[in-house]
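These notes are about the structure you will find just below.
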Amino acid sequence: MANTGVADVELKAGSAAGLSVAVISATWNADITDALHARSIETAKQAGAQVAQWRVAGALELPVAVAAACKRFDAVVANGCVIQGETEHFRVVCDAVTYGLTRAGMDSGTPVGNGVLTVDNHAQAVDRAGGVNAKEDKGHDAAVAAIHTALVLRQIERGV
């Protein structure tokens, strides 16, 4: 989906052949995270990657699971959905998850696609989950970002 402010990167069918991709998604807000999870898997498979998948309870559990997957996979996709509530908990969770996912990727050298939605309300999450009439497809976008970066890293390692 082409949107203003969105990277113009797509994967060709088979372009990720030989790559292993882990998709790890939270189960909290399952109506949203199920869609993100499915779209990430579909995108990786269409690109030709070998895909493994897991589910964790919530967004705060994603960084540790992603860090473990970074040790064994060429790319990792993390999906979740954090919806603003009435307390400071939203900011704390969002900051911790973003930091944890970024750190997992940096510490391991493995690309991590961040498909964790941080939204004000459920309607915003639906608009980003990639379903029918959705404005965005963040599960797809996170998979593309991780896989594309893994392919770029392979080129860098080869010096091409």
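Note: Cβ is positioned from N, Cα and C throughout, glycine not excepted.
Per TrEMBL, the features are:
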ACT_SITE  His89  active site, proton donor
BINDING   Trp28, Ala59, Leu60, Glu61, Cys81, Val82, Ile83, Asn114  5-amino-6-(D-ribitylamino)uracil binding site
BINDING   Glu86, Thr87, Arg128  (2S)-2-hydroxy-3-oxobutyl phosphate binding site
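Projection of TrEMBL feature records onto the structure.
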residue	record	contacts (Cβ under 8 Å, 6+ apart)
Ala59	5-amino-6-(D-ribitylamino)uracil binding site	Ala26, Trp28, Gly80, Cys81, Val82, Val93, Val97, Val116
Leu60	5-amino-6-(D-ribitylamino)uracil binding site	Val93, Ala96, Val97
Glu61	5-amino-6-(D-ribitylamino)uracil binding site	Ala26
Ile83	5-amino-6-(D-ribitylamino)uracil binding site	Asn29, Phe90, Val119, Asp120, Asn121, His122, Ala125
Glu86	(2S)-2-hydroxy-3-oxobutyl phosphate binding site	none
Thr87	(2S)-2-hydroxy-3-oxobutyl phosphate binding site	none
His89	active site, proton donor	none
Asn114	5-amino-6-(D-ribitylamino)uracil binding site	Ala78, Thr98, Leu101, Thr102, Ala142, Ala145
Arg128	(2S)-2-hydroxy-3-oxobutyl phosphate binding site	Leu117, Val119, Ala134, Lys135, Glu136, Asp137, Lys138
Three-state secondary structure, the residue listed as 'active site, proton donor' (per DSSP): helix
Among Cys81, Val82 [binding-site residues], residue with fewest other Cβ within 10 Å: Val82
Other C-beta atoms within 10 angstroms of the C-beta of Trp28 (5-amino-6-(D-ribitylamino)uracil binding site) total 18
Span of the recorded (2S)-2-hydroxy-3-oxobutyl phosphate site, as the biggest CA-CA distance among Glu86, Thr87, Arg128 in Å, is 23
DSSP, reduced to three states, assigns Ile83 (5-amino-6-(D-ribitylamino)uracil binding site) to strand
